[in-house]
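Below is one structure, written out as structure tokens, with a few remarks after it.
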Amino acid sequence: MYDVNEWKHVFKLDPNKDLPDEQLERLCESGTDAIVIGGSDNITEDNVLRLMSKVRRFLVPCVLEVSTIDSIVPGFDLYFIPSVLNSKKADWIVGMHHQAMKEYGELMSMEEIVTEGYCIVNPDCKAAALTEADTHIETEDILAYARVAEHLLHLPIFYLEYSGMLADIEMVEKTKAVLDKSVLFYGGGIKDAETAERFGRHADVIVVGNAVYEDFDQALKTVAAVKTK
């Protein structure tokens, strides 16, 4: 079984976006710790299966980050289930999780399921709109959500999601300081090796997503920047 505590870097791929097979191969063989498949727009069973089947040709762990119940398909190494702690809508905190367990609980291995305590901070990102996240929050609120994730809910992952914008690095450092057992994932604005290395000093795992589609070669360099620290 894969241990996220040992990870430092993941690529997040959107099944609704096109990526040439040659680039996908380079990502999968880059040394990244996992390929996470997920997104906010038009995530369907068909496009999830299509991308998973391509990633499955390689040895890298393949993870589905579940955003819709309809996109849950067998064949992934792990299933990340986001619980958006700062969502105004209960469905995104526990409601959809209940529905997923109701429909698929008997079919899924619980060892393959990893719950992420999400805190979405960028007010302009699609994930914030989709989940109705309260992004008008202070530093103290983010730290409180981190403590909720670890100490009250005992979640293995706390995911600080800036999705397209770069966080204040002091925010990441402060968040890491209040976590002991929960693994800190950071995503948002990581577009080159220098930024990845800088944020990788504080976050346990750096997530690189948009950069794959915007500047592939720079995105690829983030692996070595984080993994050799």
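Numbering starts at 1 and runs along the chain as it is shown here.
A Cβ is built for glycine as well, from the same backbone N, Cα and C atoms used for every other residue.
Pulled from Swiss-Prot:
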- LYS12, TYR159, LEU160, GLU161, TYR162, SER163, GLY164, GLY189, GLY209, ASN210: sn-glycerol 1-phosphate binding site (BINDING)
- ASP14, SER40: Mg(2+) binding site (BINDING)
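Listed in sequence order, the residues of the same chain lying 6 or more apart from GLY164 (sn-glycerol 1-phosphate binding site) and placing their CB within less than 8 Å of its CB are ASN122, ASP124, CYS125, GLY188, GLY189, ASN210.
Taken over all pairs of the listed sn-glycerol 1-phosphate-binding residues (LYS12, TYR159, LEU160, GLU161, TYR162, SER163, GLY164, GLY189, GLY209, ASN210), the Cα spread reaches a maximum of 16 Å, rounded to the nearest whole number.
Reported as a whole number, the C-alpha separation between SER40 (Mg(2+) binding site) and LEU160 (sn-glycerol 1-phosphate binding site) equals 16 Å. For the recorded site, SER40 (Mg(2+) binding site), the DSSP three-state label reads coil.
Here the C-alpha separation of GLY209 (sn-glycerol 1-phosphate binding site) and ASP14 (Mg(2+) binding site) works out to 8 Å. Across the structure, LEU160 (sn-glycerol 1-phosphate binding site) and ASP14 (Mg(2+) binding site) are spaced 18 Å apart at their Cα atoms. Other than the site residues LYS12, TYR159, LEU160, GLU161, TYR162, SER163, GLY164, GLY189, GLY209, ASN210, same-chain residues with C-beta atoms no more than 8 angstroms from the centre of those residues' C-beta atoms, the sn-glycerol 1-phosphate site, are ASN122, CYS125, MET165, TYR186, GLY187, GLY188, ILE190, VAL207.
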